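Per TrEMBL, the features are as follows:
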- 67-86: transmembrane segment (TRANSMEM)
- 93-388: domain 'Plant heme peroxidase family profile' (DOMAIN)
- 99-181: disulfide bond (DISULFID)
- 126: site 'Transition state stabilizer' (SITE)
- 130: active site, proton acceptor (ACT_SITE)
- 131, 134, 136, 138, 140, 154: Ca(2+) 1 binding site (BINDING)
- 132-137: disulfide bond (DISULFID)
- 187-384: disulfide bond (DISULFID)
- 229: substrate binding site (BINDING)
- 259: heme b binding site (BINDING)
- 260, 306, 314: Ca(2+) 2 binding site (BINDING)
- 266-291: disulfide bond (DISULFID)
């Protein structure tokens, strides 16, 4: 066997959970391997990870010893691919020399998270958006409140409190990457790649993620409250919010299509379903059954942003707008039917999924490039929740 395709498993550990009840378990596995680096052929210790599916029986749920040969084979393949891939770099080669398994590690963890909870795909995408719109794509959204550092974090800001999710997934990715290549991969880059991978897992488009961001050493609850467009925003408010970040009208309408997946809380759609007039009557009536009019009652009840296919990354969202079935006021604001500034784009995306996918991917690249910290600015956090 060629040296570049060899590796030795030193330790293996699996974290498994039931999937497709009573039939399978899905295991997210990590292993410490000895692998040869292509530049000198010397052996190095590296952590790699992969996912395996196994029959769901008592023994597999407890220890998974039966499936260790499958795990070993999968990890050998993953390690060999990561080592061999060093000579076939894509434009996402920023970590090739310092952490060659970075993208594989992120992709594997995101795939597991989305398989176990499809809603997590939308949550990871939203987490990246809420990061970039507040002082740039710098992972400030991940920071906890820090009195010693003199700032209040963004997690408790109005647009984020009680609704922003996915922090544990990012924490798990960061933990793996710190074992693999300490203080090398930024939390901001993890967010950007995780958002792309989450969209892919839900059947959406892919794009090349520019890498090399560094992490902020501060956060701003006040900017989160002022810069993030809210669920009651009107069209001018949306256009201004995106324009302030250097994004075009096309970017705004395309990125709004992210609401083809995920859920919104009753508190955020209550005013629309009880007060707005540009809403399909039967659609509103159905929502009122689970979202009471009285504030404080059922505030956290979840409604799908796209009732047609809530966990599929498709263009049904725009078709809903044509039928006045947008869940949020800010959704329906994109289409009034009277020839407004964004009506034509909504019609285009409703009829041409390919065009929307292409525009969405391009807009994601532009959004992911808002105000990044590079060079010696910021830091590479060891723990995404706190500054070093």
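Counting begins at 1 with the first residue displayed.
The backbone N, Cα and C atoms fix where each Cβ goes, glycine too.
On the structure: features taken from TrEMBL.
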residue	record	contacts (Cβ under 8 Å, 6+ apart)
130	active site, proton acceptor	141, 154, 159, 160, 164, 224, 228
134	Ca(2+) 1 binding site	140, 141, 154, 219, 220, 223, 224, 227, 228
136	Ca(2+) 1 binding site	216, 370, 371, 372, 373
137	disulfide bond	128, 131, 188, 191, 192, 213, 367, 368, 369, 370, 371, 372
181	disulfide bond	95, 98, 99, 102
229	substrate binding site	133, 237, 238, 241, 242, 330
259	heme b binding site	305, 306, 317, 327, 328, 331
260	Ca(2+) 2 binding site	305, 306, 309, 312, 313, 314, 315, 316, 317
266	disulfide bond	290, 291, 292, 298, 299, 300, 301, 302, 303
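For the domain 'Plant heme peroxidase family profile' (93-388), the model gives a mean pLDDT of 96. When Cα-Cα distances from residue 132 (disulfide bond) are compared across the recorded positions 126, 138, 187, 384, the shortest belongs to 138. The Cβ centroid of 260, 306, 314 marks the Ca(2+) 2 site; residues of that chain outside this set whose Cβ lies within 8 Å of it are 257, 259, 261, 305, 308, 309, 310, 312, 313, 315, 316, 317, given in sequence order.
Cβ packing within 10 Å was compared across the binding-site residues 131, 138, 154, 314, and the lowest neighbour count falls to 314. Ranking the recorded positions 126, 187, 384 by the distance of their Cα atoms from the Cα of residue 138 (Ca(2+) 1 binding site) places 187 first. In sequence order, 139, 142, 170, 174, 215, 381, 384 are the residues of the chain that are 6 or more apart from residue 187 (disulfide bond) and have a CB within less than 8 Å of its CB.
Sparsest Cβ environment among the disulfide-bonded residues 99, 132, 384 (other Cβ atoms counted within 10 Å): 99. Note: the Ca(2+) 1 site is recorded as 131, 134, 136, 138, 140, 154; in the same chain, 130, 132, 133, 135, 137, 139, 141, 216, 219, 220, 223 also have Cβ atoms within 8 Å of that site's Cβ centroid. For residue 140 (Ca(2+) 1 binding site), the Cβ neighbour count at a 10 Å cut-off comes to 27, with all displayed protein chains included.
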